[in-house]
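Colleague: Here's a structure for you.
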Amino acid sequence: MPLVAHNALPTFERLRRDGITVLSTERAANQEIRELHVGLLNMMPDAALEATERQFYRLVGESNPIAQFYMHPFTLETLPRGDKARAHIGRHYEKFEDIRAAGLDALIITGANVSHANLADEAFWQPLIEVIDWAWDNVTSTLCSCLATHAVMQFRYAQTRVLQPRKIWGVFEHRVTDVRHPLVADVNTRFDVPHSRWNDVSRAQFEAAGVKVLVESEEAGVHLAVSGDGLRTVFFQGHPEYDTVSLLKEYKRDLLLATTGALAEPPFPRRYFDRKAQAFLAEFARRTRVGETLVFPEAEVVPLLDNTWHDTAEAVIGNWIGCVYQVTHRERGLPFMPGVDPDNPLGLA
């Protein structure tokens, strides 16, 4: 939780200049440490639906040991679902109409599978835009993950994602580009993030839209950016929520499809498998190519995987939650407390 500058100690102002959150006594008096209501618009396909829930719930739940979080999952009815997923959604998810009536403090929008080059041609496009429009006016901050970032950049800023010659896939090194922004305050200035995407929105596109880049990679491009107001829309292109095994499961899926001829044999995700893991996987691929029926060597590979991103992901989500707490209204459903400028809610210079 943030410091309160309850006297004129110069250290408070120095910490502010260094990007550390320090509240004035006036702002602190207007803060109420209440439960936070966080929506999760889960657009992921059936196979990843529940895993995505767990990943984002874990990040939010671990972000602050004091706050209490009420998570509100929902989805879009236009997304194709099988019987099992529909049953899960029917039992455990909420309707957007009910969420809209009750209000949210923060919203996370996941990625989704697509079948069209132009996102506006997807069946989920108009329902997604309805959620995005509502959130802009009624939610303190919306965090967009991967494809959701591309959708918002296209819809709100007329910046269309660009298909890349090869998939941006693996674990990539990133650097913080503005250490003073509260979203990246006190996180490692160099850290890893997994990526898994064919399309990209470039730094030039973000900047043309007035969106500030906060974290980027020389190889994978921009990971973290924020709308020009500093908080109301947060953009991820990477997948910091991924479990240690997430990229392995993607590789397994694609490699098994390759054995049937449905896909070309996939490359290894960058900077993810060590040499021993690569040897296990290469041997499996070689032997299945010549017709052997083998069990995928998951049990041998999993112990060899390292997670080099989760602690920083927790820190960034913790900063985001902290920023929301500072400015959200005491009344659920109103985005900002009195006196907060929606065009500069964090009071950034």
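For all residues, glycine too, the Cβ spot is worked out from N, Cα and C.
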Colleague: Given Swiss-Prot annotates S196, R253 as substrate-binding, which of K95, K167, K276 belongs to that site as well?
Modeller: K167
Colleague: Measuring Cα to Cα, tell me the gap between C146 (active site, acyl-thioester intermediate) and H239 (active site, proton acceptor) in whole angstrom.
Modeller: 7
Colleague: So of all those recorded positions, N113, L147, K167, S196, R253, which one's Cα sits nearest to E241 (active site)?
Modeller: S196
Colleague: Once K167, S196, R253 are set aside, which residues in the chain still have Cβ within 8 Å of the Cβ centroid of the substrate site?
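Modeller: Close Cβ neighbours, site residues excluded: W169, L247, E250, Y251, D254, P266, P269.
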Colleague: Which of the three DSSP states, helix, strand or coil, fits E241 (active site)?
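Modeller: It is coil.
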